[in-house]
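Annotated features in Swiss-Prot:
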BINDING   Gly79, Asn110  anthranilate 1 binding site
BINDING   Gly79, 82-83, Thr87, 89-92, 107-115, Ser119  5-phospho-alpha-D-ribose 1-diphosphate binding site
BINDING   Ser91, Glu225  Mg(2+) 1 binding site
BINDING   Arg165  anthranilate 2 binding site
BINDING   Asp224, Glu225  Mg(2+) 2 binding site
Amino acid sequence: MNNYLRKLVEGQHLTEEEMYKAGLLLLSENILESEIAAFLVLLKAKGETAEEIYGLVRALREKALPFSNHIQGAMDNCGTGGDGAQTFNISTTSAFVLAGAGVKVAKHGNRAVSSKTGSADLLEELGVNISSTPNEIDYLLEHVGIAFLFAPAMHPALRRIMKIRKELNVPTIFNLIGPLTNPVNLETQFVGIYKRDMLLPVAQVLQKLGRKQALVVNGSGFLDEASLQGENQVVLLKDNEIVEMNIDPENYGFSRVKNEEIRGGNSQENAKITVGVLSGEKSVYRDTVLLNAGLALFANGKTETIEEGIKLATHSIDSGKALTKLNLLIAASNEKLERVN
């Protein structure tokens, strides 16, 4: 590890292979916590490259729990977090809208790291059992159309690093790679990131991971979601080509809304917001979900245009299908799925 730390101190980039090997060291028991903290801080200070991100993703996916079945057409809409905006759980709420529209959603997530309420905290509050095994997740994806992958359970080698991330209390490369380490073999992806200068590198990593189609967004105000506040910077991966775009919510019929107006709270408060949105209540929370779910449906290829994606997201909510997916996941995740274990 000393060689890698020395390179980072000197401001040098690591190659993909060096980062892969450094990643395996970070996940091992043969490294001091102080070395892990130093590595993460130095890497953040230098700035992460696409090669470094992909190298670490390779190491993490290699050490993740194995999945025997590969569900066709699975998607994730997990974002990086780390924007400090304290918004409600936009991507988790949107996940049920996607599922209601017929997308198989393998939602990767965690407890709160830099926010008040993480996706795992919200789902537990709603009554979802987040402790599903890989076989149970395969079952849920096949029969319910949505499953939650609790990151610490999927990546047991990350336990020490999670503790150090919490103590550092600043975004690190692990915020960036969270959405990229989903152990399910995804076909498409919608990723919100908190760093605008990482849009292209993250899209390049998704390309290396073999995604058929993907969309990476940095929202107005540097939100790790699409925002109603103003223009959103977007990178689209389609047909193995990467295209940069700007998305203005006003062009899709939405009014401008400041990010402060979509702040969330604790898990109880955020659960109330999520149920309200999925129940069809009109609000700025609903509009934010419609924009994000619409973009995700477009990224998935479910619709040909963003406008069609927003219409399909609206139908998913107003038909009751999105709320039904939540209720089905609550019921199915709490059943004894012995037949699949």
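Cβ atoms are placed via backbone N, Cα and C, with glycine included.
The binding-site residues listed here (Gly79, His108, Asn110, Arg111, Arg165) include Gly79 as those with a Cα within 10 A of the Cα of Asp224 (Mg(2+) 2 binding site). In the three-state DSSP classification, His108 (5-phospho-alpha-D-ribose 1-diphosphate binding site) falls within a strand. Taking each of the binding-site residues His108, Glu225 in turn and counting other Cβ atoms within 10 Å of its Cβ gives the largest count for Glu225. Long-range neighbours of Thr87 (5-phospho-alpha-D-ribose 1-diphosphate binding site) (same chain, six or more residues apart, CB within less than 8 Å of its CB): Ser115, Leu223, Glu225, Asn259, Ile262, Arg263, Gly264, Thr288. The two recorded residues, His108 (5-phospho-alpha-D-ribose 1-diphosphate binding site) and Arg165 (anthranilate 2 binding site), have Cα atoms 18 Å apart. For Arg111 (5-phospho-alpha-D-ribose 1-diphosphate binding site), applying a Cβ distance below 8 Å and a minimum sequence separation of six or more within one chain yields Gly118, Ala120, Asp121, Pro152.
Looking only at the binding-site residues Gly79, Ser91, Asn110, the one with its C-alpha closest to Arg165 (anthranilate 2 binding site) is Asn110. Under the three-state DSSP scheme, Thr87 (5-phospho-alpha-D-ribose 1-diphosphate binding site) falls in the strand class.
In the three-state DSSP scheme, Arg165 (anthranilate 2 binding site) is classed as helix. Listed in sequence order, Gly118, Ser119, Ala120, Phe150, Ala151, Pro152, Gly178 are the same-chain residues six or more apart from Asn110 (anthranilate 1 binding site) with CB atoms under 8 A from its CB.
Across the structure, Ser91 (5-phospho-alpha-D-ribose 1-diphosphate binding site) and Gly79 (anthranilate 1 binding site) are spaced 7 Å apart at their Cα atoms. Spatially close to Gly79 (anthranilate 1 binding site) yet at least six residues away along the chain are Ile90, Ser91, Pro179, Val191, Gly192, Ile193, Asp224, Glu225, judged by Cβ distances under 8 angstroms.
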